[in-house]
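Each remark here refers to the structure printed beneath this line.
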Amino acid sequence: MKKLYWIILIAVVLACSGILMSLHLSVTKEEMTYPSFLDAVNQNQVASVQFKENDSTLKVILNSDKDTTYIVPNPKTENFTEFLLLRNIKVDNSDSYSATKVIQIILIITVGTGVFLFIRTSGGKDKPLMKDAAKNKKAENRVKLGDVAGNAEAKSMVGDIIDFIKEPEKYSALGARMPKGVMLYGPPGTGKTLIAKAIATEAGVPFYAMSGSDFVQMYVGVGASRIRTLFNKAKKSEKAVIFIDEIDAIGKKRARSTSASNDERDQTLNALLTEMSGFHENKGIVVIGATNRLDTLDEALLRPGRFDRQIEVGLPDILARKKILKLYGDKKPLGDDVDLEVLAKNTVSFSGAMLENLLNEAAIQAANEKSSYIQSSHVDKAFYTVIAGSPLQDRSFISEKDKSITAYHEAGHALATKLLQPEQYISKVTIIPSVKGAGGFNLSIPKDSLYQSKRQILCSIQILLAGRVAEELIFGEEEITTGASNDIQKASAMLVDYLNKYGMDDEMGLFSTVVLEDQYDTDFLNKCRNQMHALYDTTKKLMTENKKLLIEITNELLEKESLKGEDIDRICLKEAV
């Protein structure tokens with residue numbers, strides 16, 4: 001409110017100054033010679049004269065035209081004021097500021113105040129920073145490791161950190177020192193922040209949490225100052241957990257550029273490194289960083305003595321997903337038809353945050369339908385809302401031809417999945433467009449696996465190409481559409497990795513072009529193109545042999561708009577019989 005008050009006040013002052021300036025500038029000024037001035041005096045035409053002793057000009061106003069100011073050279077003679085007064089002319093030679101100078105002073109004060117307030121509000125909020133940290137210390141220390149479902153390995157690796165904070169003597173007796181820093185890395189939404197909070201809670205120490213972006217400002221030196229202030233606050237607690245989320249905002253590899261933004265980031269990073277190096281006297285303080293991109297961090301940040309321990313917090317497997325769903329599901333009224341085990345199976349590649357969002361969306365669906373329980377239908381709607389966005393309500397603009405193209409395209413993906421990777425579970429095939437712009441989508445659930453085989457990669461590329469193949473097979477080569485653009489992009493990325501990263505190609509052998517810093521030559525690009533054409537032709541042959549199945553799936557898809565994996569199985573089984 002105080003900031004808004006100052007903004008309004010400055011705006012009003014500027015507006016008033018502008019009005020005064022415009023009024024002042026609206027006064028007409030004309031030059032007059034001194035002889036003409038004397039003639040006007042002798043004819044009693046002069047109303048007033050304004051001047052100061054050292055002024056080079058006089059400002060004269062006539063009785064006949066008081067809206068015009070005449071500028072007359074100042075003769076600077078003795079008794080000039082008496083000469084005018086004896087002729088009943090008003091004389092103003094007071095040492096007062098002109099309107100122009102008054103306006104200039106007002107503008108200078110206003111602009112100066114505005115600059116001061118801007119610097120104060122955006123440059124150095126160390127006190128509010130510490131106020132937030134103190135608030136986190138009281139309010140956030142509620143999460144325990146038991147509240148973090150899944151990530152058993154990560155929780156196990158932070159266990160000794162907690163024990164070290166609580167009983168440092170047990171370790172120091174054996175000459176062990178506590179890791180100065182712990183780096184939690186992994187995809188977004190996997191529970192890195194929760195684990196950091198749990199460490200502080202389990203150890204019973206204050207928790208100071210800030211985001212890396214809070215330290216980076218446009219003014220060089222502000223970020224470094226905030227780092228020092230935060231660490232000084234933590235040191236007063238003797239034992240504490242300092243958590244810096246999105247640490248890559250300040251910890252990226254230092255560039256050679258000398259721009260101001262790089263100077264600020266480098267100074268902030270140097271301040272962080274210095275503070276961590278001086279922790280030998282503060283054995284109860286541990287710094288925890290979190291990032292989605294470990295590979296972008298500066299080597300100096302990850303060396304021993306800084307962030308000694310690096311812990312991956314990955315996506316949950318099926319058992320962890322089941323635990324996470326149960327954790328959040330216990331807080332909601334789930335119906336008897338909601339099977340969390342099946343849901344865990346269908347949510348491959350979901351993070352913990354996505355699983356929480358899934359059940360939250362299901363609860364919203366149930367509330368919208370005024371249901372007392374979250375039913376399986378609500379979970380299904382929420383699942384596809386999270387994956388592809390809400391269904392488009394108004395579909396009147398979609399022509400029958402576009403609908404048919406979408407149906408054949410999605411049926412092509414589904415059929416190729418069934419033929420090439422039958423181990424994958426087809427969850428849903430739909431031609432209902434979403435608000436995210438998708439005309440339809442095909443959702444297949446792969447099995448949890450650490451690796452992909454050569455066959456799986458090539459089959460995945462063929463499945464991506466199958467949508468375009470189906471379009472060409474049914475509508476002709478000249479009628480293929482832009483609907484496969486995203487499929488082609490994904491297939492190209494997979495093929496490049498297949499050829500230059502995984503060493504699976506017979507001709508290229510065990511050589512990766514990644515070491516060449518992505519400087520691909522023409523031969524490599526031609527090889528990618530030829531390999532893609534070969535996979536396309538193989539897919540086209542497969543779809544031609546099963547064209548009848550493609551048409552059957554498409555017809556039912558056009559009729560029902562959405563099909564499940566069981567429907568695809570039934571159609572394939574019927575055709576086989």
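Quick reminder: no glycine exception, Cβ is built from N, Cα and C everywhere.
Small disclaimer: the values here were computed from a predicted structure and weren't measured.
Site annotation (Swiss-Prot): Zn(2+) is bound by HIS409, HIS413, and the candidate from ASP336, ASP337, ASP487 recorded at this site is ASP487.
Each of the binding-site residues THR190, THR193 was scored by the other Cβ atoms within 10 Å of its Cβ; the lowest score goes to THR193.
Mean model confidence of the topological domain 'Cytoplasmic' (120-577) amounts to 83 (pLDDT, 0 to 100 scale). Among the recorded positions listed (HIS409, GLU410, HIS413, ASP487), ASP487 has its Cα nearest to the Cα of PRO188 (ATP binding site). Closest to THR193 (ATP binding site) by Cα-Cα distance, out of the recorded positions HIS409, GLU410, HIS413, ASP487, is ASP487. Reduced to three states, the DSSP call for ASP487 (Zn(2+) binding site) is helix. Separating the Cα atoms of GLY189 (ATP binding site) and ASP487 (Zn(2+) binding site) is a whole-number distance of 26 Å.
Sequence-ordered, the extra residues of this chain that approach the Zn(2+) site, with Cβ no more than 8 Å from the Cβ center of HIS409, HIS413, ASP487, are GLU410, GLY412, ASN442, LEU464, ALA466, GLY467, ARG468, ALA470, GLY483, ALA484.
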